[in-house]
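In what follows, a structure is listed as structure tokens, so that the remarks can point back to it.
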Amino acid sequence: MARPHSHSHLSLLLLLRLLLLLPATAAASYSSLCHSPSAAPDALGGSPPLTLPWTSTGHFSGGGDLHFAQDRYYPHAFYFSPRSTSATTDPAVTHLSATLTLEGTHLAGRHHGDPHSVSFDLEGYYSTATGELCMVGSGSYARDDGFGVVLLSAAVLRLTVPRHANLSAPFVTGRLAGANFNPVSLVAYAEDGYEYGETASCPPPSGARRVLPVTAAGFSCGRLRALLGRYSYGLDYKPGVHAAASGFFPLRRGHRSMYINQVRCSAAAEDNAVRAYMVFYTDEPAAAPSNYTGRRWGRGREFLVGDEALVAEGFWDASRSRLCLRACRVTVASSGGQSGADDLAVSECGSIGVSFWFPAVWSVRDRSVAAGMIWNATGGNSDGDASAAGVITVSRTGGSYRGNMSDIKYNYTLVEDAKKQYDAMPELSKERKGRFPGNSYSYRDFAFGFYLKKQGGLPAGSGYAWPVTIGSAFVEGNGLIADAAFGAEEVNNKQRLLNVSYGLRYQVMNSTAKSPLIRRISAEGVYDTKTGSLCMVACQQVTNGSSSDCDVLITVQFAPMDGMARERAVGTISSLRKKTDPLFFEALEFVGDGGMYVEQEAEAISRMDMESLMLVSSMLLSCAFTALQLRHVKNHPEALPATSTTMLVVLALGYAIPLVLNLEDTYRDNNDRRRQYFFRLASGGLLELNGLVLRVTTVLALVLQLRLLHLAMSSRRSTTDDQAGRSKHGGVERSTLWVCLPLYALGAVAVWIAHMTDAKPGPALVGDLAAYAGLLLDGFLLPQVVRNALSGNSKVRPALSPWFYAGVAAIRAAPHAYDAFRKRGYAPSWRTSTMYVYASPRDDIFGVGWDVAVPCGAALLVAVLFLQQRRGGAFGEKNSRRPGEYEMVSTLSS
């Protein structure tokens with residue numbers, strides 16, 4: 001199915017050329033499609049164009065007849081890119097041309113979430129007096145079958161840009177229409193020309209609340225935006241809010257998640273002015289993140305339209321390290337129909353207060369990276385009154401704090417309960433053989449992904465567990481800072497039982513919902529460094545995240561670091577409540593994936609770098625030995641007719657097959673795996689560089705081998721002019737082929753039978769055959785030995801240089817010797833066997849038997865060939881010759 005995509009790319013390039021060659025028909029049709037602003041001639045003398053209070057990206061809705069899926073949990077973004085602007089004779093009008101691109105998901109994609117885009121080439125005018133923009137042009141998108149494009153004519157874009165954007169008018173809105181499709185609604189958050197209104201106020205908090213002084217070194221909008229993050233915020237409605245049946249004031253509906261989608265700051269940094277746009281969703285929290293974090297085709301922070309939104313402005317209070325905002329409600333009204341256009345209405349400005357801060361104290365019940373409140377600013381409530389009606393608390397626990405975690409203090413509150421559970425289970429304290437993650441290793445060894453087992457009819461799921469603190473060291477957040485904190489803890493703490501805290505997130509399929517059910521757990525307890533056992537008491541979110549069940553027990557048993565276990569860890573999540581309790585749940589067993597420990601990763605990367613050097617060195621030696629053979633036949637041209645062309649073809653194919661099948665896949669796969677660990681171990685790009693060198697040397701070896709083959713075939717026509725001589729050489733070569741070819745075919749059939757017996761997937765057959773081709777290359781001397789034997793006891797020319805046949809044979813035998821050594825000196829996990837660069841299973845057939853048979857077979861062939869070239873094809877004595885003696889061949893024609 002890759003062919004249509006390649007044709008679509010070609011079609012798009014051709015379309016681009018077509019658009020560039022189109023005449024300026026847009027100007028002619030502008031007056032008929034756009035009534036305002038009026039077209040004006042470009043000003044003479046190159047007057048500078050007006051600055052546009054513009055937006056580069058926004059949200060579109062509709063587009064069903066443009067093949068966009070009407071899935072609101074995937075971003076439907078538009079991107080506006082002006083290509084040129086010029087002033088006109090009207091001082092208030094700017095002439096511009098631009099490209100408008102709509103990006104979303106395909107209506108009938110083969111897989112959910114296939115990208116789809118439509119581009120428009122537009123030209124028109126923008127008026128600063130009215131804030132109106134109108135442009136006309138044409139568009140196109142790729143056909144579903146990938147062959148050609150669909151053209152869209154008479155497209156017209158109308159946008160209304162606020163002359164002075166403010167809290168009550170913060171959006172750029174408009175429509176895109178055309179002759180071939182229904183109107184598409186556009187909305188964006190104004191980026192420039194914003195005017196702040198009255199100052200917001202934050203009532204003083206009640207009680208002692210420690211917050212991080214995140215702007216102690218000075219206010220930074222970029223840092224504030226990063227701290228507020230792009231992760232989901234959970235909402236906790238106070239009892240008074242739930243009692244307000246009329247509408248969950250200050251929000252209209254009971255939402256489950258919130259995202260801070262846009263954060264902008266004043267150009268004058270000294271006033272600390274900030275404005276923001278927050279989006280709320282009522283559906284499962286699992287659905288909304290995919291709408292926000294973007295996918296492989298996203299360009300960045302897309303503008304979102306949820307079930308409800310708040311637009312706010314205010315300031316950063318540096319003295320109290322709080323963001324104080326006053327907000328307006330933004331309601332979303334869908335027009336329905338095929339266009340599905342969404343309209344945003346701003347109302348109740350100033351009646352809602354919003355505040356955010358960054359807590360400096362964490363515990364198992366509160367690990368908020370960022371926290372805040374939304375309250376009714378007109379009702380006299382403050383965030384200090386937790387029981388007041390109309391107060392909603394928000395918190396973000398997802399993601400990590402992008403700063404120095406040493407500023408945060410962690411309070412262990414459930415460790416003693418976890419120790420009691422640990423003492424009650426003797427199997428956790430029973431010492432086991434092997435080394436386990438502990439003080440002397442990386443904190444990253446404590447993190448693992450896992451899969452839930454099917455039990456009691458509950459569908460399987462997956463999740464991830466990561467350490468938050470180990471002892472007094474914070475290991476969540478910035479990697480370099482976490483490394484330093486863990487290193488200090490390693491020096492100061494040598495205890496067997498370590499206090500630890502964890503975060504877990506897993507999902508299970510819910511038969512009553514379309515999306516998986518997400519569970520988040522905060523846990524803390526003790527870890528036994530001698531047994532690799534972890535015992536924790538945890539709090540699991542329930543009832544949509546507004547409360548927690550802290551009677552949950554988690555036990556984990558890590559695999560030894562020096563073992564070969566397929567499972568990194570095994571564990572159980574169980575309830576400490578009675579079965580009659582409404583919050584009781586059946587135990588969930590999980591299995592950690594087979595990922596490597598950091599120590600194993602370091603060893604694997606070092607080995608991969610060494611193997612890549614060995615592979616390049618082998619190919620360089622192959623080039624050198626082939627060059628020596630070319631020198632040999634140059635000095636002794638009479639040896640060429642005695643060289644087996646079957647052998648030379650086998651060698652040429654041996655160099656060509658990796659270029660066609662294996663080489664690209666080998667280095668792409670290993671580089672992908674290596675990049676997974678690159679953020680952990682900065683070991684440079686040696687493997688990537690060697691991959692490039694290997695490609696070059698493989699091509700060089702192939703060229704040299706083809707040159708040798710060409711000389712061998714040409715020599716038989718030039719040095720053997722008589723018909724009898726040609727028949728003799730041709731007959732011997734044909735006999736050699738008839739002997740070797742059935743052996744090769746028989747081996748291929750055996751490989752196919754073994755493949756079918758193992759019931760491997762279809763693509764694996766190609767890998768098996770590629771490995772078999774490597775085995776044939778190991779015995780590349782077989783055709784030459786057979787040819788010499790079929791020549792009888794006649795004197796055999798030294799067709800091959802000893803450097804060539806002995807050297808290449810040694811190169812082919814070396815991977816098998818290394819594989820035997822690697823099995824004894826390197827104990828990989830079950831996954832690291834797929835990370836072999838040299839002596840890879842895709843390049844040859846390896847195993848205990850083959851690692852012995854291949855070197856012995858290669859040595860035997862070398863010995864036989866040596867005796868043949870020295871004593872005769874069948875080791876005859878009568879026609880033996882002295883070393884360096886060549887058979888005299890008549891050149892007289894009959």
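Cβ atoms here come from the backbone N, Cα and C positions, even for glycine.
Quantities reported herein were computed from a predicted structural model and do not represent experimental measurements.
Features reported for this protein in TrEMBL:
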DOMAIN    30-177  domain 'DUF2921'
DOMAIN    244-382  domain 'DUF2921'
DOMAIN    419-588  domain 'DUF2921'
DOMAIN    602-875  domain 'SWEET-like'
SIGNAL    1-27  signal peptide
TRANSMEM  642-661  transmembrane segment
TRANSMEM  692-709  transmembrane segment
TRANSMEM  736-757  transmembrane segment
TRANSMEM  769-790  transmembrane segment
TRANSMEM  845-867  transmembrane segment
DSSP assigns the residues of the domain 'DUF2921' (30-177) as 7 helix, 79 strand, 62 coil
Can we call the transmembrane segment (769-790) and the transmembrane segment (642-661) in contact, meaning three or more C-beta pairs below 8 angstroms at a sequence separation of 6+?
yes
With the cut-off at Cβ under 8 Å and a gap of six or more residues from its ends, the chain residues touching the transmembrane segment (692-709) are 612, 615-616, 619-620, 622-623, 626-627, 629-630, 633, 643, 645, 648-649, 651-652, 655-656, 658-659, 663, 667
As a test of reading the model: what is the averaged pLDDT for the domain 'DUF2921' (244-382)?
76
